[in-house]
Amino acid sequence: MTEARIARVALPGPLDELFDYLPGVMGQPEPGTRVLVPFGRSRRVGILVEYAAECGCDPSRLKPVERALDPRPLFGPTDLTLIRWAARYYRHPLGDALFTALPVRLRESGPLLASGVAGIRLTAAGAALTPAELARAPRQQALLARLLESPEGLAQRNLADELGGITSALRALRAKGLVESCRLEPGAVASADSSAVLAAPELNPEQAAALAAVSEALGGFRPFLLDGITGSGKTEVYIRAIAEVVAAGGQALVMVPEIGLTPQLRERFRTRLPGPLAVLHSALAAGERERAWHQAASGEAPVVLGTRSAVFVPLPRLALIVVDEEHDPSLKQQEGFRYSARDLAVRRAQLVGCPVVLGTATPALETLHNVTAGRYHRLALPRRAGGARPPTINLLDIRNQPLRAGLSPVLRERMHAALATGGQVLLLLNRRGYAPVLTCHSCGWVGVCPDCDARMTLHLGERRLWCHHCGRIESVPRDCPQCGGPDLRMLGRGTERLEEGLTELFPGVRIARIDRDSTRRKGELTRLLAAVHRGEVQILLGTQMLAKGHDFPGVTLAGVIDLDHALYASDFRAPERTAQLIVQVAGRAGRAERAGEVVLQTRHPEHPLLQSLLREGYGGFARAALAEREAAQLPPFTYLALLRAEAPEQEAALAFLAAARAHAEPLCSPEVELLGPVPAPLSRRAGRHRAQLLVQCAQRPALQHFLAHWTPTLRALRRIKGVRWSLDVDPQEMV
DNA sequence: AGCACGCCGACT
DNA sequence: GTCGGCGTGCTC
Ligand SMILES: [Zn+2]
Ligand SMILES: [Zn+2]
């Protein structure tokens, strides 16, 4: 060890640099340990990141660390390396990145929970007692008897599993001083759960081949794309690979998009895999989250199931990473620390030296490009379990068609046919409310949001005008606010209006609408889905909510009412998202005895990407879309960073970006291109004007190099009144 | 981020 | 005369 080492500490907040301290009396704790340090005239909790031989600043200014807060580091070396890498790559302050990876209580100086498993053991008084003396309290007696057999103590959760409700009996025994809490080594605790592991179902040959490829790769870095159509049994492959890892004493990390972390998935993992399952979800209460974090970080939980933030959870024996629905945009954080959990999962696997499995039915074009380049290995599951046949997909040209309730005659006829044979119908319309526009027929007045460049949507159910961009609510005027005329008209169609139209077109047919409005009440979504599954609903309509995660085995016809709306959105990823939506919807229609049917209403049936999707499936679509991306020099053939700025005045936002651009130009190597500044697609939102400056570069290292020099100058830039800005590396949404 | 310092308008 | 507005800069 070097003498006179300097401790380099990361502090919370947007502080870009590490701060140097003298080790003081804290000894030589390992990097990853929390330390209490003097900072300005206060004290802060920081994280010791590394030691250095000398400091970058005036040594006389160095202050000593007050003390170390943890007996052992919270982050292991690779956990720390990953977060440092991520902070640098996404140009985010390291302290902030480290602290967001910690449970809330540990961001303060709160103590680390005792390690090991919560256990109960007898006190000396308890050991001296004979159970007969508790004859009047049979539960306490049973507990005491069981504890007498294991003087070293028993895990509280095993006792609960064995004896049932023990809380009140425990409380009584504790009050009498007969038992006490203790901590047990995770390895020493008999795993009561392991007996509950369910038998594994038979794998089909493709599943077996995928599993074999992954298990063969264990012990070294290897990224896989598990390209499996909906219902092909990807989860079964994950579970079998994880079981293997856990049996060998390793830990597995599984990440899913927010909507995918359902109770059913948790249950499936819990019943099929041994040991406690650590579930990390943003909706968890702080205490539950901290407990799960602890089980993961201490190594007690062999399996961690979580959403994107789980990518940073310390895992001492990590041996396998799974990212399910890897194409899902929610794996990228959209504010603050804008990391991609999928990309970081691959990076983490590389650092740890373990396989990573990216699973999906509709791979992101970036991922497919990595397969083509030979960086990822593709494993295919082309068959639906249970032999269900793939649905047919039809484009329906609705130009010059007489639409009723937004439905063309052909779609209505297909709906009648499906209903007549006892099938259910699923209709997707990605627009909530009754009508997206309210206008005056006499003077042309339109109900616009005063704070956004957007129309207010009419919601008839709640009788209000609602801006979907800022949440502003206004009452529905009876007469025109401008001319006083009575002829207000509702233009366009949302799910409410579609439901109304369907009621008229299909009298007597049971209809359910599922969107954010109809499912706001807790439990309502579950109730509606259950009704669908019991067959009490014949037509199911709703927004994209319906296309994600839920299975509808009774649905034989699925219709997308307005495909063009999704296809022609301003984002260059719109066609990719639309193709993914179509394939996901198709995956939920049809069953073994009857192939399902998907109908897409469009005014652009000649769209070349749609044509490739229909003729050659998602793979064909992806090839065509990648060719377009290459021609347009868009990702994955180039790399992007997006500087966004917003301010109460448009000029301020643009001025900031112009200054940013001026600072960028001298730093640009020839391959770095700057585009903008330009106003954002929805320029004004919630009273703030938004603009953006795009940085494009054919090579990732050159872009990284540029950003490393540019971002410090952005922070030093003279502040312009009211401007807030953020940098998004590898942006997912360009809006 | 906090938290100081510092330099100009409208208050007792 | 000061109270306080928030622009600027620093924290090892
Ligand atoms: Zn009018
Ligand atoms: Zn608005």
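Cβ coordinates come from backbone N, Cα and C, glycine included.
TrEMBL does not curate its annotations; it predicts them automatically.
What TrEMBL records for this protein:
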DOMAIN    A:215-381  domain 'Helicase ATP-binding'
BINDING   A:CYS440, A:CYS443, A:CYS480, A:CYS483  Zn(2+) 1 binding site
BINDING   A:CYS449, A:CYS452, A:CYS467, A:CYS470  Zn(2+) 2 binding site
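Feature annotations (TrEMBL) mapped to structure.
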residue	record	Cβ within 10 Å
A:CYS440	Zn(2+) 1 binding site	21
A:CYS443	Zn(2+) 1 binding site	13
A:CYS449	Zn(2+) 2 binding site	23
A:CYS452	Zn(2+) 2 binding site	21
A:CYS467	Zn(2+) 2 binding site	21
A:CYS470	Zn(2+) 2 binding site	18
A:CYS480	Zn(2+) 1 binding site	20
A:CYS483	Zn(2+) 1 binding site	13
Would you mind sorting out which binding-site residues among A:CYS440, A:CYS443, A:CYS449, A:CYS452, A:CYS467, A:CYS470 put a C-beta under 6 angstroms from ligand 2?
A:CYS449, A:CYS452, A:CYS467, A:CYS470
Mean per-residue pLDDT computed across the domain 'Helicase ATP-binding' (A:215-381):
96
Cα distance, A:CYS452 (Zn(2+) 2 binding site) to A:CYS480 (Zn(2+) 1 binding site), nearest Å?
20
When you rank A:CYS440, A:CYS443, A:CYS483 by Cα distance to A:CYS449 (Zn(2+) 2 binding site), which of the binding-site residues ends up on top as the closest?
A:CYS440
Candidates near ligand 1 among the binding-site residues A:CYS440, A:CYS443, A:CYS449, A:CYS467, A:CYS480, A:CYS483, judged by a Cβ under 6 angstroms
A:CYS440, A:CYS443, A:CYS480, A:CYS483
Excluding A:CYS449, A:CYS452, A:CYS467, A:CYS470, which residues of the same chain place their Cβ within 8 Å of the centroid of the Cβ atoms of the recorded Zn(2+) 2 site?
A:PRO450, A:ASP451, A:ALA454, A:MET456, A:HIS468, A:HIS469, A:GLY471, A:ARG472, A:ARG685, A:ALA686
Whole-number Å value for how far A:CYS452 (Zn(2+) 2 binding site) lies from A:CYS440 (Zn(2+) 1 binding site) (Cα to Cα)
20
Setting A:CYS440, A:CYS443, A:CYS480, A:CYS483 aside, what same-chain residues sit with their Cβ within 8 Å of the center of the Cβ atoms that define the Zn(2+) 1 site, listed in sequence order?
A:HIS441, A:SER442, A:GLY444, A:TRP445, A:PRO481, A:GLN482, A:GLY484, A:GLY485, A:ASP487, A:LEU488
Rounded to a whole angstrom, what is the C-alpha distance between A:CYS483 (Zn(2+) 1 binding site) and A:CYS467 (Zn(2+) 2 binding site)?
23
Using the alpha carbons only, what distance in Å do you get between A:CYS443 (Zn(2+) 1 binding site) and A:CYS467 (Zn(2+) 2 binding site) once rounded?
22
Please classify the secondary structure at A:CYS440 (Zn(2+) 1 binding site) using three-state DSSP.
strand
